[in-house]
Amino acid sequence: MRVLGIETSCDETGIAIFDDQKGILSHQLYSQVKLHADYGGVVPELASRDHVRKTIPLIQAALREAGLGKDDIDGIAYTAGPGLVGAILVGATIGRSLAMAWNKPAIAVHHMEGHLLAPMLEERAPEFPFVALLVSGGHSMLVRVDGIGSYQLLGESIDDAAGEAFDKTAKLMGLDYPGGPLLSRLAEKGTTGRFTFPRPMTDRPGLDMSFSGLKTFAANTIAANGDDEQTRADIARAFEDAVVDTLAIKCRRALKETGLNRLVVAGGVSANRHLRAQLAELMESLKGEVFYPRTEYCTDNGAMIAYAGMQRLKAGVFEPLAVKAVPRWPLDTLDPI
């Protein structure tokens, strides 16, 4: 069986085809970074319009890359939420239209379930159950995963997501958009220990997180110490250390509370090398395992949507004729399959 996956929840247009025997047959991705750079962030209306321009050509390119036609596709999966409603509607409408025109099942996929399952595309894939740390520009959450669709939310950010905090702090430091990866590169030049940032919400029980205060702390530190190149690098180092330490502390707690020893880390921030190194040390100390998607599947992409769609199609889960777009959609409301 083969599923075409469509991802348009924010500022990447991602298209992929997944074969349940051969894996990913094609993977097309277009990023809108240049489009939004002048504005310092994603402009929803511009994002939607660009998805309108790019989605169908990328679907055609994915079919050509795989050497397939419409008759070779068994289902069409699309991101139905959460995300920017206009952007979601573009992919959802195109996906549903193709499904009706080609007489194929349409599968609405939860964007964060796509991220959560992305490590399943790797040769070394995790087995259920496990704890998942989902960290991106829009979400930071810890989830107990007992199976596909069987999710228990353990904790989440009560304000900014980790990726959002990276981008906002980078903007404060005068870095270009998107600033998160640039801040991490700058942090590599920094001196550990010159500045010490708080580890928010680690001094109390629970698995919820908070990152907005780190942005304010960074602004105050810059104001008090100047912004020469080395100072900026040292502040970036302190900021990244605080975020990574906080995530690692929360992961340790989640694993202890659940009694599990497998950790999945996914979402855009999961590509952060410092985070990967620290979580690898954590899991080694716990005699457990940690799993990530490859870097190209950390950010938004169609491959994760095609894979998640395939699992639901195999379970007989597909959509009625109405187009489904859900801007706010808690992950733990999905039904197990």
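Here, residue 1 is simply the first one shown, and the rest follow in order.
In case you wondered, yes, glycine gets a Cβ from its N, Cα and C as well.
Worth saying up front: this structure is predicted, and the values here are computed from it rather than measured.
The record from Swiss-Prot ties HIS111, HIS115 to Fe cation, and of the options ASP241, ASP245, ASP300 it ties ASP300 to that site too. Substrate is bound by LEU134, VAL135, SER136, GLY137, GLY138, ASP167, ASN272 in Swiss-Prot, and the record lists one more residue there from GLY114, GLY180, GLY259, GLY288, which is GLY180. In the three-state DSSP reading, HIS115 (Fe cation binding site) counts as helix. The residues near the Fe cation site, meaning same-chain residues not in HIS111, HIS115, ASP300 whose C-beta sits within 8 angstroms of the mean position of the site's C-beta atoms, are GLU7, SER9, THR79, GLY83, MET112, GLY114, SER136, GLY267, ASN301, MET304, ILE305, in sequence order. When the C-alpha distances from VAL135 (substrate binding site) to the binding-site residues HIS111, HIS115, ASP300 are tabulated, the minimum falls on HIS115.
Mapped onto three states, the DSSP output places ASP167 (substrate binding site) in helix. In this structure, GLY180 (substrate binding site) is part of a helix by DSSP.
Cα of GLY180 (substrate binding site) to Cα of HIS111 (Fe cation binding site): a span of 21 Å.
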